[in-house]
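Visitor: Submitted below is the structure of interest, expressed as structure tokens.
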Amino acid sequence: MPLHANVEPLSWESAFFHRASGKLLFSDAAPVLNAAAMAQYDIVQAKIPADATAQADALSALGFRLAESEVDLSVSLADRLDSEAFDGVRHAVESDIPTLREAARKTFALSRFRTPWYAPEDSGRFYARWVENAVLGTFDDVCLVLEDSRRRPQGWVTLRQLPEQEARIGLLAAWPGQAGRGTGRRLMLAAESWCRQQNVLRLRVATQLGNIAALRLYLSGGARIDSTAHWLYR
């Protein structure tokens, strides 16, 4: 099966990881993909639907390997009752950035930014920058921090508002050592409450296929699976 795709340079990732990176943009109008078109890149990413087996086989023939599988979910907020979830939840501020960065570095040490394509510490670095940017409002719009009654951090969630009354969770995680205490559910309720304040009617989130705990959390909270995908790298 010939693949028709252009390679889009990923300038930010190239600078951050110090590796020339690109991503395939599939289009019937694009030229047939070959090795020469990707030669200038250290890493080329491809994201395809999980059921696109012929496409996966063609990518494999070009040297692509599976990096990660992803599930995209959404929950409708139109008919859900509001909650008191914002008790114990506050907006992160710049003084929170050092501790949030360290928590993200530890929590997200494993992701699609993994070896052999990336250095072992790159995943943690990437998500540390993500949460910092969320606090500053330069990628996600907001970072919400969940605290206990003594103001000790329990977890955090970042959110970005989208068009058409939608929003997307970027990162959602219990603080290191705080997993399994209902933290995830409280963070979801906090995210939903923030969405209502922004008149958001649908909340989206993606997670790794292998993250069973996250899938259980989202599905038990009323989310539905919208799509599944594979990330392949060359």
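Positions of Cβ are set from backbone N, Cα and C atoms, glycine also.
Not my notes, these are from TrEMBL:
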- Tyr218: active site, proton donor (ACT_SITE)
- Asn211: acetyl-CoA binding site (BINDING)
- 87-234: domain 'N-acetyltransferase' (DOMAIN)
Visitor: Please identify, from the recorded positions Asn211, Tyr218, the residue with the sparsest Cβ neighbourhood, meaning fewest other Cβ atoms within 10 angstroms.
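Guide: Across Asn211, Tyr218, these recorded positions, the one with fewest Cβ atoms within 10 Å is Asn211.
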Visitor: Can you see whether DSSP assigns the residue listed as 'acetyl-CoA binding site' to helix, strand or coil?
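Guide: Assignment for the residue listed as 'acetyl-CoA binding site' reads coil.
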Visitor: Rounded to a whole angstrom, what is the C-alpha distance between the residue listed as 'acetyl-CoA binding site' and the residue listed as 'active site, proton donor'?
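Guide: Cα-Cα distance, the residue listed as 'acetyl-CoA binding site' to the residue listed as 'active site, proton donor': 11 Å.
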Visitor: Return the average pLDDT for the domain 'N-acetyltransferase' (87-234) as a whole number.
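Guide: Averaged over the domain 'N-acetyltransferase' (87-234), the predicted model reaches a pLDDT of 96.
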Visitor: Run through the domain 'N-acetyltransferase' (87-234) and tell me, per DSSP, how many residues are helix, strand and coil.
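Guide: Each residue of the domain 'N-acetyltransferase' (87-234) counted once, the result is 53 helix, 45 strand, 50 coil.
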